[in-house]
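Undergrad: I grabbed these lines from TrEMBL:
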DOMAIN    34-158  domain 'Cytidyltransferase-like'
DOMAIN    225-317  domain 'Cytidyltransferase-like'
REGION    1-25  region 'Disordered'
Amino acid sequence: MIRNGIHADEEEDQGETSSSSHSPEKRKRVIRVWCDGCYDMVHYGHSNQLRQAKAMGDYLVVGVHTDEEIAKHKGPPVFTQAERYKMIRATKWVDEIVEGAPYVTTLETLDKYNCDFCVHGDDITLTVDGKDTYDEVKRMGRYRECKRTQGVSTTDLVGRMLLLTKSHHSNVDNAAYQLHTDNFGKGPKGHSPWTGVSQFLQTSQKIIQFASGKEPQPEDTIIYVAGAFDLFHIGHVDFLETVHKQAEKPYVIVGLHFDQEVNRYKGKNYPIMNIHERTLSVLACRYVSEVVIGAPYTVGKDLLDHFKVDLVCHGKTEVFPDTDGTDPYTEPKKRGIFRVLDSSNNLTTDDIVQRIIENRLQFEARNQKKEAKEMAVIEALKHKEDSLKTEAALTNN
């Protein structure tokens, strides 16, 4: 674990499994942890930060900034504050959210919400004038750090959306893809390690960390839904919440289609996120119990019998036929267990991509400005380190 802002290796991944250290017998009071951020275009990197933060205590409070605050310090957000609040509420490690949290984290905020310390990733967050937003809590020893998730960033996702080819599915070295990521994640003085692009590598350990590990109980209603769930967003959350409400004790299984299958029926550059990324995004949702990775497109007899499915649900979005022209939901319809649900949210992945395209220049400017500030901090830290080395050398001589 880490203390007083000093970073350690990801020991929390081993530590979080030994729940005895968090048991009531070992401790007299609940440890309350604070996280805050924009949480714009929430992805599994955000979810992993919240997972790690929750593992450091018992109760996780998450502060989410307003649109106005984000616009002032970073630039325009992709999602509205109402959408961002709901996304964080749906993340299964979150116990409470604070709407309109201040952009700069202070002791006053931690005390107001009775939080012992705050947790942030091992990158840096800067105000509009280039100051570290966690400076005060770091100085007072109420700051902890967690590992940033490699291979994903909002910058990277935006680059993929603007690239209307399938190259990002298998090759991040593609020249056209690199051009977009350069535009979005490169300031005038080179790449920042925090805003740049890297490739995500899935591991079985990461899936275990995200999975609930709960088996369905005899009294549970097993509900199956299937789809791409690409760029997991508030439209998906509203649908899964509606699915969850279909039974008193729901056990929701999400079948995720392989990338090639999604591209067959969605076309263009879809899916934006690959199957590994989509798996973690869906597993982080509190309404989901289990995920089938690479589910068959047709919901057939074998799948229904294997999982003992009681109900199959689909939203109001179009159902594309299978490769042989058949309805993928023929079997559940025949059994009388198919239900079309209206979540009253029509937002689609297409809509999100459209928001990005319409505001492309603003987002490019936002990311370049952000990286320029980060590079200035890196240079300042390097200069300070070099000065200390020089002083030490002179003292030794």
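Numbers here mean position along the shown chain, with the first residue as 1.
Every residue gets a Cβ built from N, Cα and C, even glycine.
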Undergrad: What are the DSSP helix/strand/coil residue counts across the domain 'Cytidyltransferase-like' (225-317)?
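TA: Looking at the domain 'Cytidyltransferase-like' (225-317) with DSSP, the answer is 34 helix, 19 strand, 40 coil.
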Undergrad: Tell me the residue counts in helix, strand and coil for the domain 'Cytidyltransferase-like' (34-158), as DSSP assigns them.
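TA: Reading the DSSP string over the domain 'Cytidyltransferase-like' (34-158) gives 44 helix, 26 strand, 55 coil.
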Undergrad: Along the domain 'Cytidyltransferase-like' (225-317), what average pLDDT does this model show?
TA: 96
